[in-house]
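What TrEMBL annotates here:
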TRANSMEM  7-27  transmembrane segment
TRANSMEM  47-67  transmembrane segment
TRANSMEM  88-108  transmembrane segment
TRANSMEM  128-145  transmembrane segment
TRANSMEM  157-178  transmembrane segment
TRANSMEM  198-221  transmembrane segment
């Protein structure tokens, strides 16, 4: 028996995301006042994705509790739709985007933090908030994957959705540069146009790899032989 019910964990995670988003939006940062505001940054978009995803998880928990023991087919049909949407969000947004943000941020940060998180930001963003945006995202989503079985779409359709998201964000980044003359991330200022194309292509490959890794991890956790072995221990 789990020490903490999964429903309680989801509520706690959702509240933590609300706190992080509120504190982040309250920051008096010059970048928030320019074109695109907070929506220029993949980190903020990911926080919104995670908050919406866990909000959907909590909604499903509440709906399941309210409809438990009922015989309404319409309620069951609506609940199945919500569960399908939750599983789709986990597969193509919550896990791959969350893992991508954590991996790329800390990889670039450890190599040269000024490429992605200039020291000037330390004056605006406290350390706990930085970790809330760039660290805890991954363990939170792995906890959700471990406590709930999520059905993945076919790999082709799943990857197509991930590519649409990735390409959409790249085009949005290029548009912001077109309007303002400034790249969202310092690393893009320091490389040539050809290198940017290679960089964007590499990032699309990386997020695709995270999609496949999420699918494999979900399958490993919930495949029948492994699940039976765990229950039998």
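Backbone N, Cα and C atoms are what each Cβ position is placed from, and that goes for glycine too.
Those TrEMBL annotations? Automatic predictions, nothing curated.
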Spell out yes or no: are there three or more C-beta pairs under 8 angstroms between the transmembrane segment (157-178) and the transmembrane segment (128-145), with each pair 6 or more apart in sequence?
-> no
Proximity of the transmembrane segment (88-108) to the transmembrane segment (198-221), 3+ C-beta pairs under 8 angstroms = yes
For the transmembrane segment (128-145), sequence-distant contacts whose Cβ falls under 8 Å of one of its Cβ atoms, 6 or more beyond its ends | 9-10, 13, 16, 19-20, 23-24, 43, 46-47, 50, 54, 57, 90, 94-95, 98-99, 101-102, 105-106, 117, 214, 217-218, 221
